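What follows is a short report on a single structure.
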Amino acid sequence: MGWFTGIACLFWGVLLTARANYANGKNNVPRLKLSYKEMLESNNVITFNGLANSSSYHTFLLDEERSRLYVGAKDHIFSFNLVNIKDFQKIVWPVSYTRRDECKWAGKDILKECANFIKVLEAYNQTHLYACGTGAFHPICTYIEVGHHPEDNIFKLQDSHFENGRGKSPYDPKLLTASLLIDGELYSGTAADFMGRDFAIFRTLGHHHPIRTEQHDSRWLNDPRFISAHLIPESDNPEDDKVYFFFRENAIDGEHSGKATHARIGQICKNDFGGHRSLVNKWTTFLKARLICSVPGPNGIDTHFDELQDVFLMNSKDPKNPIVYGVFTTSSNIFKGSAVCMYSMSDVRRVFLGPYAHRDGPNYQWVPYQGRVPYPRPGTCPSKTFGGFDSTKDLPDDVITFARSHPAMYNPVFPINNRPIMIKTDVNYQFTQIVVDRVDAEDGQYDVMFIGTDVGTVLKVVSVPKETWHDLEEILLEEMTVFREPTTISAMELSTKQQQLYIGSTAGVAQLPLHRCDIYGKACAECCLARDPYCAWDGSSCSRYFPTAKRRTRRQDIRNGDPLTHCSDLQHHDNHHGPSLEERIIYGVENSSTFLECSPKSQRALVYWQFQRRNEDRKEEIRMGDHIIRTEQGLLLRSLQKKDSGNYLCHAVEHGFMQTLLKVTLEVIDTEHLEELLHKDDDGDGSKIKEMSSSMTPSQKVWYRDFMQLINHPNLNTMDEFCEQVWKRDRKQRRQRPGHSQGSSNKWKHMQESKKGRNRRTHEFERAPRSV
């Protein structure tokens, strides 16, 4: 099948898809969409594509002081330079052959499970890290020396000191783990058995006896999947500090009709050492509450996003009240969506001070507890702030008994403004990770979210107030593909010092800058329309915004994105012959079809077309119909007529600002003139055309005939029939082709001659019809 006919058939399929999708709105799309190739060509991504004998780059630890990113993977621990991850050190930490064979004999996959997958990577002190891995279903931990100072350049495993990793790392590499190391003590949420059924929140290491949640009690934990753990002060007294765990779990019996997943936040006191007679070596201050992330639906039925995927804490001036960002997805296999919800710690504390969930038996519903709550209130840390108890071992028996039977709160925690700040339901991906950066802009502070997806893309989103700062709308600035192949993003870290973002997946690690101001354009209006808090117009280019720069030359409007007000160069916006205007000349054949391509850089811009007849100054808006069809890629003109000759102006309209992107001059050649040029047997150019046609190979003549047939049959409704005829003829020719019966020597000679022929060929007659 010829080149042109193949392209024509492909174009027909793309055209139908484009026509169907054009009616969709542009409000929920990224303003800029950058492919992996575009990211590479613009030097906006650096990738570490992994090692042949490693994978699963899921466990991140950021060290801004040393300018290193530590990454735990399969059988390896890496130390990447934050400036450029191409510069790295590695530690090889595999399991022994004996452990691997035991894992294999237990029925596990020798490649995907019988290895040492690093699950815990925490800073132990100023000179060492603490690392734990699955150890081929035999968890193991050790220390890694990193030196006192960054210039020490030390990164080595202490292979003389290994510890049992039970209660620190899961056995199964597929299970999630949340860990936090404080004052030499490791807090971890994980599974503590080979079968992956005994889930618990542990505290190990240190000088105290290990402590955990109650075992085999679904009221405490019901098949949880741990996401993250964070230390948050409760007051100015360090004795009141609490560790909060974020996880998702199956709903408790009676809490929901049918099987459901709930997102949770759990709390424990840092100075909890268990009970004296009851709950010995068990948490006595553990409480949990449900996190709600939902949107109102018809008939009062809300759509819930219950699958908690990731959590990020944005610190504020008050360390006791960080903002909690959570990424959620739906549990349904039919309706797939993602959401980001934002929570305040004051709302969390209010719920933990509210009523406890209670029911009298298995056949009863959960209700708020109405009886007397013992003193001190269960969940309160023993300190001088809230009572005279020095230790949880001194708590009265009724407090311990109540805490054991009432670990859940009745009221849930609702997000700020009672709704998500971002929802995505009409895309082929789901959110997996989130990090947030607080950026100072000309008109205030903005939180910029970087959201990872399960297809290897990163979304850059900024929340902008509509009327007040309490009523926010999200603006999707960019969608960036950061890996060559689609892969789930499983880890993200943000370096404010380096202004870089680091992304982990099964395939490798990627690094990209937080801002790419130069890609927005070379005009003030384009920079202003981007609404990127990192960027501002400095008088000559779109560059990084610095609050300390001279205010006189800066142009930035994140809240409204209004270039008409802020840019002084807009007096030239109606000059169609400006330096940024692209001009093209296209030739079309009468009664055939042609396509005028025009795609603005911004996917949020609306395209507006005008037509200017030859030798006329007046421009008129192009009206769509059967003759002219608009797609997202441009204009399709069917059955060209001589009157279609003229200038076509493509404008992009965004936020009330119109910019001319392209001027296309269309010249329509009448059919009689073309036939005369192509088939004329007279001397001159006609003889040259005839000579060219006679010198064509049979396959080239078929291609030429297909082209003429397309010209003489411009009705695109028969395009699929035409393509089917070409494909049938091509298959028939392949079936009728004689078999090759030559010997190996003749075959080799034929290949050599063919190769020489290809090298001498100029390809002059294989060009597309337009170039001919």
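Cβ atoms are placed via backbone N, Cα and C, with glycine included.
According to Swiss-Prot, the features are:
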COMPBIAS  729-738  compositional bias 'Basic residues'
COMPBIAS  750-772  compositional bias 'Basic and acidic residues'
DISULFID  CYS103-CYS114  disulfide bond
DISULFID  CYS132-CYS141  disulfide bond
DISULFID  CYS269-CYS381  disulfide bond
DISULFID  CYS293-CYS341  disulfide bond
DISULFID  CYS517-CYS535  disulfide bond
DISULFID  CYS650-CYS723  disulfide bond
DOMAIN    31-514  domain 'Sema'
DOMAIN    579-665  domain 'Ig-like C2-type'
CARBOHYD  ASN53  N-linked glycosylation site
CARBOHYD  ASN125  N-linked glycosylation site
CARBOHYD  ASN591  N-linked glycosylation site
REGION    729-772  region 'Disordered'
SIGNAL    1-20  signal peptide
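Overlay of Swiss-Prot annotations on the structure.
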residue: CYS103; record: disulfide bond; Cβ within 10 Å: 22
residue: ASN125; record: N-linked glycosylation site; Cβ within 10 Å: 12
residue: CYS132; record: disulfide bond; Cβ within 10 Å: 30
residue: CYS141; record: disulfide bond; Cβ within 10 Å: 22
residue: CYS293; record: disulfide bond; Cβ within 10 Å: 27
residue: CYS341; record: disulfide bond; Cβ within 10 Å: 27
residue: CYS517; record: disulfide bond; Cβ within 10 Å: 20
residue: CYS535; record: disulfide bond; Cβ within 10 Å: 25
residue: ASN591; record: N-linked glycosylation site; Cβ within 10 Å: 18
residue: CYS650; record: disulfide bond; Cβ within 10 Å: 24
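Comparing C-alpha positions, CYS114 (disulfide bond) sits nearest to ASN53 among the recorded positions ASN53, CYS341, CYS381, CYS517, CYS535. Under the DSSP three-state reduction, CYS141 (disulfide bond) is assigned to strand.
The domain 'Sema' (31-514) scores a mean pLDDT of 94 in the predicted structure. Looking only at Cα atoms, ASN125 (N-linked glycosylation site) sits nearest to CYS141 among the disulfide-bonded residues CYS141, CYS517, CYS535, CYS650. DSSP places the residues of the domain 'Ig-like C2-type' (579-665) in helix, strand and coil in these numbers: 3 helix, 46 strand, 38 coil. Classification of CYS517 (disulfide bond) by DSSP places it within a helix. Residues near ASN53 (N-linked glycosylation site) in space but far in sequence (CB under 8 A, at least 6 apart, same chain), listed by position: ASP75. In the three-state DSSP assignment, the secondary structure recorded for CYS381 (disulfide bond) is coil.
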